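Reviewing the structure listed below.
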Amino acid sequence: MIRVSWISIYCDALQFFFSLQHNAKVAVLGASGGIGQPLSLLLKNSPLVSELSLYDIAHTPGVAADLSHIETRATVTGYMGADQLGAALKGCDVVVIPAGVPRKPGMTRDDLFNTNATIVATLADACVTRVYKVMKKHGVYNPNSVFGVTTLDIVRANAFVSELKGLDPARVNVPVVGGHAGKTIIPLISQCTPKVEFPTNQLSALTGRIQEAGTEVVKAKAGAGSATLSMAYAGARFTFSLLDAMNGKEGVVECAFVRSEETECKYFSTPLLLGKNGIEKNLGLGKLSAFEEKLVAEAMDELKGSIKKGEDFVANMK
């Protein structure tokens, strides 16, 4: 039975639509952009990907031609313009959407909501159109297969902790829960592997840096855009984890923003055990320190407001 799912997360999060299959054809919607190009390069370099379908409103044939010269397994095809979107999605197992407008200095993610939500909604609508008949036939829609990707927050937390402690970042894992904006980003340093400890003032500063890391990049680029390379890496990491789980690998865990009953919010990011059909188990928040409990409590109102804004946007879509 084919399993199909989709999400719609705005700003510099990524969107994933996937069905269960061992030979992965992956589409990147927004493939010519600042995130789309390095993301496509990382996907092209993966043995998990057999076909790469690239879509954007401009320049995609050139990006596809460039990538097609790389000596790796995946074949690459470029599609350009709304009339080719359906063809770009045909037969895809994973669809990644890095399309959207980047932040500029002084802007928040919320400032871009209407613009980027509209872009994502248009692309999501095309994906739903492609899979609707399959969903209706098999009755396969399942909230356990719907993910909002927050992997960049985990990637940043791992990098910053390893930098402070002199550790190999490849061996550091910091769960990050909550949402994907400002104080809703909650790094659980107490649950870091390997175990680390920081004085109170350093812990507070580290948490603040993780929460505002996106703004750090926006300021450093001085108006030239927001995080692209690290976002592409994070998107590729999540894609590879999904493909591993879909292919039967056990013990695959990633944090993601999902329909949840772990807190009073309808949606909340927590560590998830992934499997062939999506979420096998929500691992929840685990044991929190007093500092982390306070962060969770303080994030609730903002997170609820963001969720309501997203729900209202969808309800009012024409």
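Cβ coordinates are placed from backbone N, Cα and C, and glycine is handled just like the others.
Going by TrEMBL, these are the annotated features:
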| type | residues | note |
| --- | --- | --- |
| ACT_SITE | His180 | active site, proton acceptor |
| BINDING | Gly30, Ala31, Ser32, Gly33, Gly34, Ile35, Gly36, Asp56, Asn116, Met231 | NAD(+) binding site |
| DOMAIN | 25-131 | domain 'Lactate/malate dehydrogenase N-terminal' |
| DOMAIN | 150-314 | domain 'Lactate/malate dehydrogenase C-terminal' |
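Neighbour counts were taken as the number of other C-beta atoms within 10 angstroms of each residue's C-beta; across the binding-site residues Gly34, Gly36, the minimum falls on Gly34. Averaged across the domain 'Lactate/malate dehydrogenase N-terminal' (25-131), the predicted model reaches a pLDDT of 86. In this structure the C-alpha atoms belonging to Gly34 (NAD(+) binding site) and the residue listed as 'active site, proton acceptor' are separated by 20 Å. Its own atom aside, the Cβ of the residue listed as 'active site, proton acceptor' has 24 Cβ atoms within 10 angstroms in the protein chains shown.
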